[in-house]
Amino acid sequence: MLTPFKKLWGFVCRIWSSANRPAKHLSIGFLTIGGFVAGVMFWGGFNTALEYTNTEEFCVSCHEMGDNVFVELKPTIHYSNRSGVRATCPDCHVPHNWTDKISRKMQASKEVWGKLFGTINTREKFQAERRRLAGHEWDRLKANNSLECRNCHSTESMDITVQSTRAAEAHQAFLFTGEKTCIDCHKGIAHELPDMTGVEGWE
Amino acid sequence: MKRFLIHITTTIGLLALASTAAFSDGAATLRQGEPIASEPQAPKITKVENNDVKRVRNYPEQPPTIPHKTRDYEISLNANKCMSCHARTRTGESQAPMVSVTHYMDRDNQVLATVSPRRYFCNQCHVTQVTAPPLVENEFTDVENIIKGE
């Protein structure tokens with residue numbers, strides 16, 4: 001008697017034995033050129049889809065983002081400012097480097113799970129989870145030395161002579177010495193803060 | 001009696017009319033005399049002072065003004081951005097002035113370990129300054145000058 005497992009194993013064996021044989025009817029030219037064209041289409045499609053998930057429009061299409069964090073972002077300087085440069089969601093929340101980006105995107109599959117099961121589908125649920133969620137972002141930025149901040153704000157191109165005295169002094173004492181990284185002081189610059197009880201540097 | 005009441009009401013009414021007339025000519029209004037149905041030219045939005053230089057207080061009890069920008073500084077149930085520099089324990093790193101000892105006292109002058117809840121909302125008393133010309137003339141005289149008899 002064949003168990004379902006044996007059936008499945010038989011199927012896998014048949015696929016492998018046909019994949020392992022040279023092609024009987026298709027020419028080598030068709031296979032190489034066809035394979036190349038299919039590869040281009042697959043890769044192009046994959047990248048286009050990936051880039052689409054990296055837009056503000058995509059992030060805000062879920063009401064969890066659109067009604068909470070996006071609304072909070074709007075009055076802050078990263079959304080509305082004198083120079084007209086705007087940081088969108090992925091500029092800060094998705095690494096720009098390809099390998100880091102893919103690993104972040106894989107982590108984000110957990111967020112799809114959260115969306116499906118409504119983990120934060122009300123303002124109250126979101127507020128209750130806010131400390132944990134913010135903590136993930138602080139940990140990520142702490143671990144990569146605030147890489148997403150530094151994609152725009154680099155220490156090298158920062159002219160502290162045009163900063164206010166207190167900013168210049170703080171950057172000289174903590175940033176240039178490497179003692180602290182951006183996120184250590186600049187928490188809550190783009191969204192409201194969670195309950196900061198017990199967070200280092202907050203009373 | 002009825003006649004007397006009528007007299008009183010007419011007198012009060014006339015007085016009220018007279019006073020509105022007095023207000024409408026020459027008195028400084030924020031609308032600059034623009035009729036109520038039309039919109040006056042809005043004044044230019046001025047910049048917040050950000051020079052980190054203390055301003056002299058007009059009297060000893062005056063809450064000091066904030067000499068820097070406070071845009072997006074959150075003061076809520078969750079967090080108090082001001083205290084991340086001005087709290088006693090934070091001043092070593094920040095070199096910012098510590099909030100005064102009165103902020104650590106309750107209304108019976110009992111000293112507490114942390115900032116008193118009644119002093120939590122900083123911008124109830126402390127405010128930033130803008131480079132706007134005053135809307136009305138300020139005739140405040142410093143007590144120092146009054147002592148000197150100026």
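For all residues, glycine too, the Cβ spot is worked out from N, Cα and C.
Among the candidates A:Glu51, A:Glu111, the one that TrEMBL lists alongside A:Cys59, A:Cys62, A:Met65 as binding heme 1 is A:Glu111. The two recorded residues, A:Cys185 (heme 4 binding site) and A:His93 (heme 2 binding site), have Cα atoms 18 Å apart. Closest to A:Cys152 (heme 3 binding site) in space, going by CA atoms and restricting to the binding-site residues A:Cys62, A:Met65, A:Cys92, A:Cys182, A:His186, is A:Cys92.
Take the mean position of the Cβ atoms of A:Cys182, A:Cys185, A:His186, the recorded heme 4 site; other residues of that chain with a Cβ within 8 Å of it are A:Ser146, A:Cys149, A:Lys180, A:Thr181, A:Ile183, A:Asp184, A:Lys187, A:Ile189. Distance from the CA of A:Cys182 (heme 4 binding site) to the CA of A:Cys62 (heme 1 binding site) is 29 Å.
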